[in-house]
């Protein structure tokens, strides 16, 4: 028994050593650069929540004009998401993020400097296209550079940064100019724009393009000089080869109907719940309910990030299906 316990302890130590070896400083830095613009995504979601009255007053907008302005983030997001996979497959995740920043930075600048409804709407639409691209490429990029042992935690950083952005917009909307908040939305985009010069392309995309040597070099850099990447490299190459003959049409085969219905249904029902609209006009909802919007927005800004962390903990403990049933 003593020898058996010793073997188990050694095995656990090896697993922990492997996990810690996989999480290198360069991997953490690369992930930070990739998810940094997710903060801007969150700011975009919360930008109108506490600034509706001041935007309407400054630019003399009607309720209808402001409603169009708010909805353009969603319309732009639909267009960005529609082309995100094609752009990422053709040019790589890194180039897609550069394209994203062109839309996000120009969009935020147009909002911050807007003197009329045209520039305001154009800016919101451009930011929408940017966050539509982000919503696909960021989680995919992270998943393709991280090892399996820490993939879930690293991918969660995308959602965490989004919630941090929402919380920031909610809180600052109580006392700060909507133009300044728009400029704050640019800061993480600039961090990503510069940081992308120092991070590698996705190893999987490099393998798909037939650049196997570059794939190995990038993977070695991400995992550390002493890490054995032979097995992981082979897994990537096999995966790329297997997916080469899979087309979008394959998803609509009868055997995938159940999975496809669940996947699309969950995403569709999430949007039809009205959560996006509620997020855009949270301050107004509080006012109409007779509750001080400043207090409500402040409380929400405090709750948003912890609830995201709680969600991760509950998912890890109980799984996704029970939580969806409770919701």
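Each residue, glycine too, has its Cβ placed from N, Cα and C.
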Segment assigned the feature transmembrane segment in Swiss-Prot (from 47-67, 152-172, 215-235): 152-172
Interface present between the transmembrane segment (68-88) and the transmembrane segment (152-172) (three or more C-beta pairs under 8 A): no
Ranked first among 102-122, 180-200, 260-280, 295-315 for CB pairs under 8 angstroms with the transmembrane segment (26-46): 180-200
Long-range neighbours of the transmembrane segment (180-200), counting only residues six or more past its ends (CB under 8 A): 29-30, 32-34, 36-40, 43-44, 47, 51, 94, 97-98, 101, 104-105, 108-109, 111-112, 123, 127, 145, 161, 165, 168-169, 172-173, 218, 221-222
